[in-house]
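Feature list (source: TrEMBL):
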type     : residues : note
TRANSMEM : 28-48    : transmembrane segment
DOMAIN   : 30-479   : domain 'Major facilitator superfamily (MFS) profile'
TRANSMEM : 68-88    : transmembrane segment
TRANSMEM : 95-114   : transmembrane segment
TRANSMEM : 120-142  : transmembrane segment
TRANSMEM : 154-175  : transmembrane segment
TRANSMEM : 181-201  : transmembrane segment
TRANSMEM : 292-311  : transmembrane segment
TRANSMEM : 341-359  : transmembrane segment
TRANSMEM : 366-387  : transmembrane segment
TRANSMEM : 393-412  : transmembrane segment
TRANSMEM : 424-444  : transmembrane segment
TRANSMEM : 456-476  : transmembrane segment
Amino acid sequence: MGGGDAEVEATYTTDDALTRAGFGRLQALVLAYAFVGWTVEAMEVMLLSFVGPSVKAEWGVAGAAEGIVSSVVFAGMLIGACIGGLISDRYGRRIGFLSTAVVTGIFGFLSAFSPNYSSLLVLRCVVGLGLGAGHVLSTWFIEFVPAAMRGTWMVVFHCSWTVGTILEALLAWAVMPVLGWRWLLALSSVPCFVLLIFFPLTPESPRYLCSIGKTVDATLILEKVARMNNSSLPPGILTYGSKKRVNRRLDNSETALLITEDGKSGIDEDTNSKPSGIIREFWSYDLKRSTVLLLFVYLANYFVYYGVILLTSELSNSQSSCASVRTHFMQPKDPNLYKDVLVTSLGEFPGLVFAGLMVDRIGRKVSLGIMLLMSCAFLAPLAVHLGQGSVTTLLFCTRTCIMGSFAVLYVYTPEIYPTSSRNTGVGITSSFGRIGSIVSPLVTVGLLENCHQKEAVFLMNLMLFLAAVACALIPLETKGRQIQ
């Protein structure tokens, strides 16, 4: 009697479809495209390490003005992360990362022809706007990955950042001594145009299409996923999550934001797609606590990441005194600069491997906490003067752990927010972290210049420890859960 009705009413979610289809050729193509995009971002950020001194020499700007070249890019990234998140949640993931490639590529190339210092600052700030929206690529990719594999594949995706830093160091090593900084800027923008060439082939995220009610279009994309992976979709009709209301009297109301593995819990996803509605959902009662804690974790990660890079530059030079920090940082003709960047960047690969092994086995919160506390442990001995071998080993291990924490963080954050505000959540939390990248050089260089190495290390360790505490207080673990 009820057999026909049950068959008609059978439904499945995007996570059900992706789990059945598995990770195959279509996801590999999406990964390749997103990988190139994230590599571009790393290259554009890393080139700041090489361009500043040459700009200073060509136009005779003061030492403080040299640092502004980096600061305007980070300031642009702070704004761009928020704007890019809103655009991709309002108009789609494809529009989000298209705007990233267009702005970064065009203005990155134009900055190579800057006639003066002021125009270079303006153009690099606009490049920062494009780079800030780069997180859309990671969100787009994660929305194609089955739940059981999300952590591991997102860590694989984040290898692109390390690849980008290494490529930029090699490119700078080859180009800067012979052709100069303008060629480095121009050549570093080329991969953006590769993204534009292949953009017509990119599919829209089926999760985003579902969130705006286009389940038919989402079904077509999921059918393509299944076909390319030699699989099939579950029987029934694609539906977008559940329509249950959250019971705020539950002990842990935030847990209801995720559909559990049996697909029986969720929230009302009928949200306003306008920017005001997206912001309201992002800052909702159920997400507020997680958002505040994530803001600090991002701030601490960015602060320490760039602080460790600056510390590496100083401590790797055994001949320098603390008063020569600014003159030692990033000498364009010094081959040791490129070697140091390559060696420390290679330290990020083990961190990505460790994160990949842990994140889907022991969970996001525990993995992130372990990485943060291990960073503390390796960084602490650098408060005192050590032999060069010990310094290099400790810096290598610190870079390993801090990159591992970044990888887990960028897996964890998109899983906390619902599809309709996911990029906004990632954009705002990560953009807050950019404040750390802006402040870190000022604070770290100031302390090292005045021979306060111990205080610099203590401050970074304090930030890491507080970030680990904040991570423990986030009420939601997303390991193995469906995201809607």
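Along the chain as shown, residues are numbered 1 onward.
Positions of Cβ are set from backbone N, Cα and C atoms, glycine also.
Between the transmembrane segment (292-311) and the transmembrane segment (95-114), fewer than three CB pairs separated by 6 or more residues in sequence fall under 8 Å, so the two stretches do not touch. As a quick check, the transmembrane segment (120-142) and the transmembrane segment (68-88) clear the bar of 3 or more Cβ pairs under 8 A, pairs 6 or more apart, so the two touch. Counted over residue pairs separated by six or more positions, the transmembrane segment (456-476) shares at least 3 Cβ pairs under 8 angstroms with the transmembrane segment (366-387), which defines the two as touching.
Annotation: stretch 154-175 has the most Cβ pairs under 8 Å to the transmembrane segment (28-48), among 154-175, 181-201, 341-359.
Looking at 95-114, 154-175, 366-387, 424-444, the range that has the most CB pairs within less than 8 A of the transmembrane segment (68-88) turns out to be 424-444. Beyond its flanks by at least six residues, the transmembrane segment (95-114) meets 37, 40-41, 44, 80, 84-85, 87-88, 120, 123-124, 126-127, 129-131, 133-134, 136-137, 140, 182-183, 185-186, 188-189, 192-193, 195-196, 199, 202, 423 of its own chain at Cβ-Cβ distances under 8 Å. This prediction places the mean pLDDT of the domain 'Major facilitator superfamily (MFS) profile' (30-479) at 76.
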